[in-house]
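Per Swiss-Prot, the feature Cu cation 1 binding site maps to His77, His416; the stated evidence is similarity to another entry. Here Swiss-Prot flags 42-140 as domain 'Plastocyanin-like 1'. Sequence annotations record features per position, and here Swiss-Prot assigns domain 'Plastocyanin-like 2' to 190-292. Taken from Swiss-Prot, the feature N-linked glycosylation site applies to Asn70, Asn73, Asn109, Asn194, Asn198, Asn244, Asn265, Asn292, Asn359, Asn443, Asn535, supported by sequence analysis.
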Amino acid sequence: MMVPLLLSTYFITAVYGATHTFHWTTGWGNRNVDGIKERPVITCNGEYPWPDVRVAKGDRIEVYLTNGFNNTNTSLHFHGMFQRGTNQMDGVPYLTQCPIGPGDTMLYNFTVDENVGTYWYHSHTDGQYEDGMRGLFVIEDGENNKNFPYEYDEDVMLSIGEWYDTTVDVLTRKFLNLNNPTGAEPIPQNLILNNTMNLTWEVQPDTTYLLRIVNVGGFVSQYFWIEDHEMEVVEVDGVYVEKNTTNMLYITVAQRYAVLVHTKNDTSKNFAIMQKFDDTMLDVIPKDLQLNATSYLVYDKSKPMPEQNYVDSIDDYLDDFYLVPMDKEELYPEADHVITIDVIMDNLINGVNYAFFNNITYTTPKVPTLLTVLSAGQDALNPFIYGTNTNTFVLKKGEVVDLIVNNQDTGKHPFHLHGHVFQTILRDREFDDAKGEKPHSFNDSDHAAYPSIPMKRDTVYLNPQSNMVLRFKADNPGVWFFHCHIEWHLLQGLAVVMVEDPISIQNTASQHLTANGLQVCGNVKVPTQGNAAANDSDFFNLEGQNVQHKSIPTGFTKKGIIAMTFSCLAGVLGITMIAIYGFSEIPEPEIKVMRNLHLNPEDVLEKTSSSSVISASNSSSLEDSRNQKKKFIFF
């Protein structure tokens with residue numbers, strides 16, 4: 001099945017003006033997205049895919065999101081938006097808002113006055129965006145993108161991702177399960193491009209395209225290349241960069257790249273557009289899993305479609321660490337606040353495999369963290385009130401923060417920080433467990449020199465068993481998530497919270513929940529005041545807060561000791577009963593059986609007695625032997 005690009009983008013909302021208003025209602029419908037299997041997907045106003053949105057810098061966005069599900073909450077996050085002064089519009093349940101209950105409507109209302117470039121939006125609830133609740137979001141730099149720093153002829157959006165043939169709720173029940181003790185992530189069935197497979201992109205010769213590529217998947221990073229065509233990277237995650245030419249991109253989930261592609265003058269041949277799984281992220285590779293997906297760059301649709309394109313090596317992809325921002329912003333000063341977090345994956349006492357930062361798996365509070373900030377007064381400066389299982393750090397206004405992430409896990413992790421772009425000032429190499437290498441934590445006295453002009457973006461990958469250092473300024477008051485964007489790992493709890501300049505949040509009217517936001521809370525019966533335990537009379541009393549399951553204890557517990565004791569007693573009693581049975585007299589029915597078989601009971605007994613280490617002596621008569629056994633039993 002080949003789908004032309006124009007069919008995949010017909011649902012783009014491309015309007016210009018001061019305010020853009022959208023009314024979206026969630027629902028379910030059956031679609032055959034990958035051309036192989038029909039399955040339920042999340043629809044928008046009964047349609048699928050969700051609309052891609054294109055606006056201009058300075059425009060206002062109004063999205064009325066109605067939850068059309070019968071029994072499931074929902075939410076909407078505009079990925080990469082700074083939301084300066086409008087933290088309540090960031091769309092994270094139990095962090096910046098209450099979940100939107102069935103039948104309810106929430107208005108997301110904000111202005112895009114700082115962001116430009118390539119973004120996307122998605123549900124931030126229970127992995128729903130893997131079921132299709134997502135779309136691309138482009139903010140042009142001035143009307144018709146007139147302030148974009150590079151020349152091009154046409155602007156094209158491409159979303160890439162993986163696709164499952166089963167809904168996320170079913171997969172999650174199997175994933176977060178004691179029968180999956182290693183935490184093996186569900187394996188996707190296919191790779192998709194613009195919500196389909198075998199896409200055709202018809203191009204004009206000698207034309208420069210601005211190609212915006214967004215990985216809207218929830219798990220696997222992808223390699224992306226176009227046969228016999230170079231790509232010039234000009235933007236990453238909304239940050240303009242100096243041109244950097246490459247033949248291949250490595251794109252983690254949630255990352256965005258804008259590249260310039262110049263087409264050929266010759267129209268005699270069509271070319272392959274290639275996607276490839278990063279199969280190192282898969283615990284197992286099923287025999288029927290196709291690791292590559294082929295779409296088509298078409299100069300002449302009357303010509304044959306190309307075969308899939310192979311490359312000599314997938315290691316020759318662009319390393320985004322070395323990209324240079326066009327604004328050439330220098331390395332921020334030495335950090336005022338250093339936060340070190342260690343990534344581990346482990347099991348808790350319920351047998352389920354979880355993800356941890358510093359041995360804490362993120363557990364939602366009873367009161368959304370932003371509402372705790374707004375109701376806590378000066379106590380908002382103390383991270384304790386936000387709960388012992390939210391991994392919350394309080395940042396002072398304007399301080400430079402170093403976020404050191406040590407990966408004790410053997411897998412890659414793409415990390416995303418809400419409300420900011422950060423400078424990636426260090427990313428160590430992979431340390432390969434298969435080669436016997438151990439996890440390598442950051443060493444402040446022994447590391448590579450930081451770049452003078454670091455790369456900036458909002459989503460970056462961390463190598464296996466490695467470390468990285470992200471530096472950013474606490475210049476955007478709000479409650480911001482930092483989390484792994486592998487959706488399975490977020491469901492496992494791989495997240496921390498940054499409460500940034502809480503007193504400024506309290507003193508800014510636009511940071512307070514609207515009447516609609518408070519009504520949403522009331523409808524799902526979520527408290528709007530108090531600490532993580534919903535205690536609004538004593539913010540330092542966390543009794544009743546949500547907490548993670550207990551760790552698996554080391555050594556023997558009381559239950560284990562008792563179980564072992566009774567097991568040993570049962571074993572001793574069992575051996576004793578066997579011995580007693582062995583020395584008991586032969587029942588008359590058994591003697592009759594022996595005689596019917598022409599066996600002498602005395603001979604059988606003599607052989608049995610001579611082989612027993614317990615017997616006192618061999619007997620010459622059956623009666624003597626019986627008497628000995630009776631005495632033994634009596635004893």
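Cβ atoms are placed via backbone N, Cα and C, with glycine included.
According to DSSP, the domain 'Plastocyanin-like 1' (42-140) comprises 7 helix, 42 strand, 50 coil. The CA atom of Asn244 (N-linked glycosylation site) is located 40 Å away from the CA atom of Asn359 (N-linked glycosylation site). Of the listed glycosylation sites, namely Asn194, Asn244, Asn265, Asn359, the sparsest Cβ surroundings within 10 Å are found at Asn265. Within the same chain, residues at least six positions away from His77 (Cu cation 1 binding site) with a Cβ under 8 Å of its Cβ are Asp90, Gly91, Val92, Tyr121, His122, Ser123, His124. Distances between the Cα of Asn198 (N-linked glycosylation site) and those of the glycosylation sites Asn73, Asn109, Asn292, Asn443 are shortest for Asn292. Cα to Cα, Asn109 (N-linked glycosylation site) and His416 (Cu cation 1 binding site) are separated by 23 Å. Secondary structure by DSSP for the domain 'Plastocyanin-like 2' (190-292): 3 helix, 54 strand, 46 coil.
For the pair formed by Asn292 (N-linked glycosylation site) and Asn535 (N-linked glycosylation site), distance between Cα atoms is given as 53 Å, rounded to the nearest Å. Secondary structure from DSSP puts Asn535 (N-linked glycosylation site) in coil. When secondary structure is read from DSSP and collapsed to three states, Asn359 (N-linked glycosylation site) falls in the coil class. A gap of 47 Å separates the Cα atoms of Asn194 (N-linked glycosylation site) and Asn535 (N-linked glycosylation site).
Per Cα geometry, Asn535 is the residue among the glycosylation sites Asn265, Asn359, Asn535 nearest to Asn73 (N-linked glycosylation site). For Asn535 (N-linked glycosylation site), the same-chain residues lying six or more positions away in sequence with a CB closer than 8 A to its CB are Asn541, Leu542, Glu543, Gly544. Among the recorded positions listed (Asn265, Asn359, His416, Asn443), His416 has its Cα nearest to the Cα of Asn70 (N-linked glycosylation site). The Cα of His416 (Cu cation 1 binding site) lies closest to that of Asn359, out of the glycosylation sites Asn265, Asn359, Asn443.
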